[in-house]
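S.K.: Pulled the feature table from TrEMBL, pasting it below:
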type: BINDING; residues: A:T66, A:P67, A:A68, A:G69, A:E70, A:G71, A:K72, A:T73; note: ATP binding site
There are 2 protein chains.
Amino acid sequence: MSFPTDLEIAEKADIQHIKKIAEKLNIPEDDLEYYGKYKAKLPLKYIDEQKIAQSNLVLVSAINPTPAGEGKTTVTVGLTDGLNKIGKKAIAVLREPSLGPVFGIKGGAAGGGYAQVIPMVDINLHFTGDFNAIEKANNLLSALIDNNLQNKKNNLNIDPRTIVWKRVMDMNDRALRNVVIGLGGTANGIPREESFNITPASEVMAILCMSNDFKDLKEKLGNIFIGYTFDKQAIYCRDLKAEGAMAILLRDAIKPNLVQTLEGNPAILHGGPFANIAQGTNTIIATKTGMSLGDYVVTEAGFGADLGAEKFLHIKCHYAGFKPKVLVLVTTIRAMRYHGGAKKGEYENPQFEAVKKGIENLQKHIENAKNWNLKPIVAINHFATDSEEEIQFLKDECEKLGVKAIVADEFTMGGEGMKELAAEVVNAAENYGNNFTPLYDVEDSVENKIETIAKNIYGADGVEYAAKAKADLKSIYNLGLDKLPICMAKTQKSLSDDEKKIGRPSGFTVTVREFEFAAGAGFIIPILGNMMRMPGLPSIPASENMDIDDDGNITGLS
Amino acid sequence: MSFPTDLEIAEKADIQHIKKIAEKLNIPEDDLEYYGKYKAKLPLKYIDEQKIAQSNLVLVSAINPTPAGEGKTTVTVGLTDGLNKIGKKAIAVLREPSLGPVFGIKGGAAGGGYAQVIPMVDINLHFTGDFNAIEKANNLLSALIDNNLQNKKNNLNIDPRTIVWKRVMDMNDRALRNVVIGLGGTANGIPREESFNITPASEVMAILCMSNDFKDLKEKLGNIFIGYTFDKQAIYCRDLKAEGAMAILLRDAIKPNLVQTLEGNPAILHGGPFANIAQGTNTIIATKTGMSLGDYVVTEAGFGADLGAEKFLHIKCHYAGFKPKVLVLVTTIRAMRYHGGAKKGEYENPQFEAVKKGIENLQKHIENAKNWNLKPIVAINHFATDSEEEIQFLKDECEKLGVKAIVADEFTMGGEGMKELAAEVVNAAENYGNNFTPLYDVEDSVENKIETIAKNIYGADGVEYAAKAKADLKSIYNLGLDKLPICMAKTQKSLSDDEKKIGRPSGFTVTVREFEFAAGAGFIIPILGNMMRMPGLPSIPASENMDIDDDGNITGLS
């Protein structure tokens with residue numbers, strides 16, 4: 001019998017009414033805003049700074065992944081179940097998945113195997129409507145911008161060629177990457193170039209994830225930079241008086257969503273910003289709510305630790321005041337083979353020599369963790385094809401660096417396969433100080449902040465700036481945005497900005513091609529490569545095999 | 001003290017938990033799918049054809065309205081409250097409003113004054129996500145079409161110039177009316193012209209409203225016509241294998257939504273198709289659910305009776321087998337003045353001479369009702385500026401035609417102001433047979449069906465066809481779609497196709513400019529004028545005055 005699909009496991013789960021999960025967190029039913037029986041929104045009132053100070057924040061990040069991904073989400077979910085199994089009140093706090101990729105290749109994104117959050121189908125479809133609300137808030141601003149261009153009254157004199165604000169749609173739709181809008185004569189708008197991004201790439205998403213409350217949300221929305229007038233004056237969202245209506249559209253989306261793991265432990269899913277051009281982690285509100293309700297919060301940040309953890313620590317922790325106690329570095333033997341030079345078709349099976357070389361990628365991430373004064377634990381996300389020899393070697397090498405490497409068997413065993421890792425997380429949280437130290441001061445110059453990341457985290461010799469980047473940098477200083485944290489946009493496949501440089505590259509510089517900035521969300525985005533903001537569909541989209549029967553049962557959602 | 005705004009009235013209402021409303025319909029809590037405390041989706045299992053046969057369906061329509069509208073929704077809600085006040089188990093079954101217009105001029109659309117459905121803010125924002133689901137299903141099909149154009153494998157040879165399927169967005173955004181997509185080189189799609197319609201104009205919306213269950217839904221989605229191949233072969237949604245995934249996206253949207261009136265009576269809001277290019281009425285599932293649960297269902301159809309009632313009777317009743325027992329014709333003294341020639345600035349105040357002339361519009365609608373063997377009742381939606389003389393004249397003239405005209409005071413008095421009308425509705429339902437007879441046979445030719453509507457309902461002498469219409473008609477016959485009912489798309493302001501022809505025009509012909517067809521939803525659409533499918537925003541959008549405070553309280557949503 002073959003291993004069941006994620007959907008089969010999820011549909012067979014003995015799912016509990018969400019009020020039962022809330023009971024475990026001492027939340028009375030009256031405080032829940034149900035979305036059916038298995039999802040609920042929580043009010044913001046549970047955020048309690050005193051409890052947050054006592055809670056243990058566990059950040060799950062990873063080595064640089066192979067194209068298949070190394071299972072950060074499954075480890076995050078499984079570790080939560082493992083912590084609960086050993087008697088800790090732990091909550092998984094995660095991003096919500098985007099709808100677009102569901103119909104492409106990728107399928108769902110709520111963990112996998114026996115480490116999933118459920119109800120899986122709901123989470124992968126419209127969930128509680130947050131992405132839709134974000135999309136509408138984003139596109140209302142777009143409609144107001146184009147309406148302002150069109151109208152004689154109330155006109156802000158915006159130069160359409162300078163507008164950087166884009167429409168979004170939560171769909172893999174490449175034909176919307178480059179469009180011309182406003183055609184068809186005087187009644188139908190001012191013609192101009194436009195792009196549609198996928199909804200997770202919206203700055204509204206980044207802002208929602210960075211906001212503490214409605215007031216903060218509105219202020220950040222108001223600060224969105226739109227473009228310039230013909231007189232070169234900067235135009236912000238607040239100039240269009242759009243932030244109030246946008247915040248109204250986000251009235252429910254700002255509230256975190258409570259669901260459960262397959263083992264009936266609480267999980268909060270909230271927000272889902274891109275991990276390249278944005279911060280790639282769930283909302284500050286969700287993390288704070290989790291920390292207010294649980295002794296342990298297990299959370300993840302998109303991509304490897306050079307991107308995900310770095311942004312989590314320098315952006316999210318900066319704004320929210322978080323200090324993670326433990327950093328779990330997810331690795332796979334497969335990825336070690338990959339970084340050791342094994343190709344696709346080879347790295348799926350034992351390659352001891354490749355592992356011996358490829359481990360340098362993990363070693364660098366361990367060093368990086370120590371740079372932040374964080375105590376890392378390595379989770380070896382287990383595959384049936386891992387050899388004993390490879391695993392033992394990896395454990396021994398970590399031991400030499402004073403770091404524990406523990407096999408994580410969440411995919412096939414759920415929390416039961418995570419008890420050893422959970423125990424080590426508790427040990428680390430209880431016995432080591434809360435020593436996280438950021439690597440840079442936000443008050444430093446943009447160039448210094450970038451150099452700090454490039455040299456200390458990537459291992460680069462230095463940073464170069466293309467002409468466009470130099471010009472953009474000037475705009476950033478002119479607009480007074482230079483004291484913001486940095487949100488690096490580079491490939492996740494390498495520690496460098498060149499995806500072909502596997503392992504632990506050295507003797508390289510990184511190149512900032514251009515800059516963007518999220519004046520509302522509050523960060524500067526150096527662009528170090530081509531960033532995909534609107535995925536496409538494959539030749540045979542996953543949607544072709546999806547079906548729903550007369551009773552509403554779904555098949556083909558992987 | 002001035003009369004409170006709709007939002008003020010709605011926010012002050014003593015709203016009940018939706019399970020209390022469900023209890024009145026004998027629905028146990030376990031069958032409710034909550035969306036917060038005041039909204040719930042109902043399962044499809046309550047549809048019971050035997051109960052439907054015993055229930056009384058009351059259709060609320062209207063004379064040709066002034067630009068301000070004559071209050072069909074307030075009368076529908078108020079009449080439901082009135083029926084409950086006199087001891088009948090009555091349910092209002094209505095459309096859900098579109099989000100786009102909320103930020104334009106119009107504001108919300110859930111009744112008004114003391115005849116509203118609540119929670120008003122929720123209903124006017126994302127509600128239970130149905131519109132979003134419809135938008136996503138529509139746009140998934142678009143993405144699959146453009147993906148098919150792009151891919152070498154799996155390619156259907158679709159001629160991009162023939163694609164009639166449009167993307168949608170629930171936003172008033174005129175700059176999206178005419179766009180060019182697929183620009184930017186070989187990786188980014190095939191360049192082609194495209195339009196975005198507002199979501200209520202999507203055929204997916206029309207289909208959802210016309211479906212009986214998942215099977216039916218999938219079949220109708222599969223039948224959506226997309227365009228032609230380069231070899232002139234028709235391409236349908238099923239050729240892209242898209243209907244399963246689209247139906248998955250509509251898994252929750254297919255379920256009707258239970259809310260309440262200000263007086264705590266049940267209301268089902270479900271679906272919201274355009275009333276010009278589509279059928280303009282709530283889902284068949286909602287109407288059937290209402291009729292299965294209540295003794296009286298009060299429902300409305302968009303625009304005046306020449307459009308709304310005609311489509312309700314010839315399309316929805318045809319597919320669902322409904323026979324409405326009572327037709328309520330909403331009129332206002334204001335509209336009578338307007339049809340009698342009074343201009344804006346005049347028709348707001350008594351104009352007895354104008355009413356005397358303008359009543360011919362109402363008289364024609366009464367005659368039309370009799371053509372269908374329906375017993376009409378006239379509801380005079382009351383304004384403070386109506387004179388006694390005008391009201392009495394209108395009552396007397398109706399009396400001459402054997403029809404009761406009753407003042408409806410729902411706006412200021414709620415159900416209390418509707419008891420007389422409710423009693424007459426009950427009298428009509430109990431004492432007259434269920435004699436509704438359609439005016440045409442769907443098996444008749446397209447031209448005959450259109451002529452029947454034009455002559456019998458509009459009072460036209462005949463129908464002319466523009467060259468484009470003649471060519472389109474040929475396509476309809478070629479595709480074998482000629483046996484479908486007709487969905488006329490014409491101005492709602494006149495009985496004719498010329499909005500300037502007020503009153504009861506005669507001696508005119510109507511011109512079919514072109515045809516569209518909804519092969520999935522199942523109707524042919526003769527276009528008799530410019531149909532707006534994507535509204536714009538005004539110079540000063542309503543959004544500018546909207547705000548939300550730190551506690552989430554909303555202002556400026558009218």
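Placement of Cβ uses the backbone N, Cα and C atoms for every residue, glycine included.
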S.K.: Under DSSP, is A:K72 (ATP binding site) part of a helix or a strand, or is it coil?
M.R.: helix
S.K.: For the binding-site residues A:T66, A:T73, work out the Cβ neighbour count at 10 Å and name the residue with the minimum.
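M.R.: Taking A:T66, A:T73 as the binding-site residues, the minimal 10 Å Cβ count falls on A:T66.
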S.K.: I'd like the number of other C-beta atoms within 10 A of the C-beta of A:P67 (ATP binding site), please.
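M.R.: Looking across every protein chain shown, the total is 9.
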S.K.: Of all the binding-site residues here, A:G69, A:G71, which one's CB has the most other CB atoms within 10 A?
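M.R.: Counting every other Cβ within 10 Å of each candidate, the maximum falls on A:G71.
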S.K.: Taking Cβ distances under 8 Å as the criterion, give the subset of the binding-site residues A:G69, A:E70, A:G71 near chain B, ordered by sequence.
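M.R.: Listed in sequence order, the binding-site residues near chain B come to none.
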S.K.: Using Cβ atoms only, which residues of the same chain lie under 8 Å from A:E70 (ATP binding site) while being at least 6 residues apart in sequence?
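M.R.: Same-chain residues close to A:E70 (ATP binding site) (Cβ under 8 Å, separated by 6 or more) are A:A62, A:I63, A:V330, A:T331, A:T332, A:R334, A:A335, A:N381.
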S.K.: For A:P67 (ATP binding site), what is the secondary structure state per DSSP, taken as helix, strand or coil?
M.R.: coil
S.K.: Name the residues of the same chain, 6+ apart in sequence, whose Cβ is under 8 Å from the Cβ of A:K72 (ATP binding site)?
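M.R.: Within the chain, A:K72 (ATP binding site) has Cβ neighbours under 8 Å at A:V60, A:S61, A:A62, A:E300, A:G308, A:V330.
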S.K.: So for A:A68 (ATP binding site), how many other CB atoms are inside 10 Å of its CB?
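M.R.: So the Cβ neighbour count for A:A68 (ATP binding site) comes to 13.
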